[in-house]
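Accompanying notes for the structure given below.
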Amino acid sequence: MNRYGYSVAIVGASGEVGKSMVETLERYPIPVTSLKLLASSRSAGKSMVFKGQPLIIEELTENSFDGIDLAFFSAGGSVSEKFAPIAVSKGAVVIDNTSAFRMHQDIPLVVPEVNADVLTHEMKLIANPNCSTIQLVVALKPLMDVYGIESVNVATYQAISGAGAKALYEYNQELEQDDYVPQILPTRSDKVHYQMAHNVIPQIDVFMENGYTKEEIKMINETRKILSDSSLKVNATCARVPVRYGHSVCATVKLKGPVQNRQEIMDLFKNSSDVVLYDEIESQKYPMAYYLAHHDDVYVGRIRKDLFEDDVIHLWIVADNILKGAALNSVQIAYYMHRHGLLGD
C-alpha cells in the first residue's frame, strides 16, 4: 500500500461473483489506486468498467501479483489452491471465495458481523464462507449471544445463480425450449442431469458416503467453525430451486434457554444492527428472494416459537447469494481490515 491506497486484483473477474466484486468495491470506501482484473485465457481481452474507466481483463499467471496489496479470489478451488499462495508470497493479502481453504485450521473463516475479531495483521489468507452459511450465521449470532444455541436444523432453497452463469443460461433455455436437454444441474460432474425449470432438485454438489451432499457438509462444518463451537449440532438439507438470485433458509433453532413468546425474538432482531427484521404477518410481509435480490442485507422473518418446546424457535432467512453470500462479504472483510489497520505492512 502507498499513501493513496491499495493495488487490488480480482481473480475470476469475468464470473458472476467477480463482476459483483468489481461493482461492490466501487461503492465501498476502500482506497483503490489500481485494479487488475484477472481470469482464464478464455476471458482475457474482455473489457469491464471500474469508476468510469474501462479495464481489460488479463490472463491469470504466476506473475500477475507483482505489486498487488490485496487480492480477491473467486475462480474455483483449484485456481485458489495454485495461485493464492503465490499471491501471498508476493506480499498480497488474499480473501478467497472458494472452498479451498475454509476448513484449514490456521486460516480464518470470516463473516464480519459474526467473528471479525479473529482477524489480525499477521493473517495474509482469509477464507470467505459458503453463501448459505453466511446468511445463517448472521441470523444466529444475536441468538447465540443472548441464549446460546444447542442445535440448528436447516433446509435451504438455493438460487440457480449459485451454480454459475452457465446454469442461469441453461435455466432460461429450459423455459424457452420444451425439448432442451439439461447438462449442468445438479452437478456437472454427475452422469445424470435434471431440468431446473418448474422443478426443485434436492441435491447441491456431489453425494458423500453418509448420504449428505458436499454442500450440506460445508454448511455444517463452516457454521461450527465461524461460531467457534465444535460441539454445536447442525443438520442441513440443501435444495436448488427455480429462482435466479437469492437464497432462502428455513432454520429450526434449539436454544440453551426458554423463550416466552414470539415477540421476544422479534425484539431481539429488531434491536440488531446486523439483520433486517421483516415480519408483519398482519399485512403478509416476510422476506422473499425475488423482491430482495440485489440487496445487501440479511433479512429475517416468519419468526415462531415452537408449539411444543419452549426453547425452540423457527426462522426464515433470505439474502442475495451473489452479494452477501459472496462478493459483498469478501469486500466487507477487506473493509474491516482496512479500517483496523490490518492491511499492508
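Each Cβ is built from the backbone N, Cα and C atoms, and glycine gets one as well.
Look at Cys131 (active site, acyl-thioester intermediate): DSSP puts it in a helix. Annotation comment: TrEMBL describes Cys131 as active site, acyl-thioester intermediate.
A C-beta separation below 8 Å, combined with a sequence spacing of at least six in one chain, links His247 (active site, proton acceptor) to Cys131, Ser132, Gln135, Thr156, Tyr157, Gln158, Ala159, Gly162, Ala289, Val318, Ala319, Asp320, Asn321, Gly325. The DSSP secondary structure for His247 (active site, proton acceptor) is strand. As annotated by TrEMBL, active site, proton acceptor applies to His247.
Per TrEMBL, NADP(+) binding site is recorded for Ser14, Gly15, Glu16, Val17, Arg42, Ser43, Ser161, Gly162, Asn321. A sphere of 10 angstroms centred on the C-beta of Asn321 (NADP(+) binding site) encloses 28 other C-beta atoms.
Every protein chain shown contributes to the tally, and the Cβ of Arg102 (phosphate binding site) ends up with 22 other Cβ atoms within 10 Å. Positions annotated as phosphate binding site by TrEMBL: Arg102.
Neighbour density for Arg240 (substrate binding site): within 10 A of its CB lie 25 other CB atoms from the protein chains shown. The annotation substrate binding site is assigned in TrEMBL to Gln158, Arg240.
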Exercise. What count of other C-beta atoms do you get within 10 angstroms of the C-beta of Ser14 (NADP(+) binding site), across all chains shown?
Worked result: 19
Exercise. Could you give the maximum C-alpha to C-alpha distance in Å for the residues Ser14, Gly15, Glu16, Val17, Arg42, Ser43, Ser161, Gly162, Asn321 that bind NADP(+) per the record?
Worked result: 25
Problem set entry | Separation of alpha carbons, Arg240 (substrate binding site) and Glu16 (NADP(+) binding site) (Å) | 17
For this session: Work out the three-state DSSP category of Ser14 (NADP(+) binding site).
Result: coil
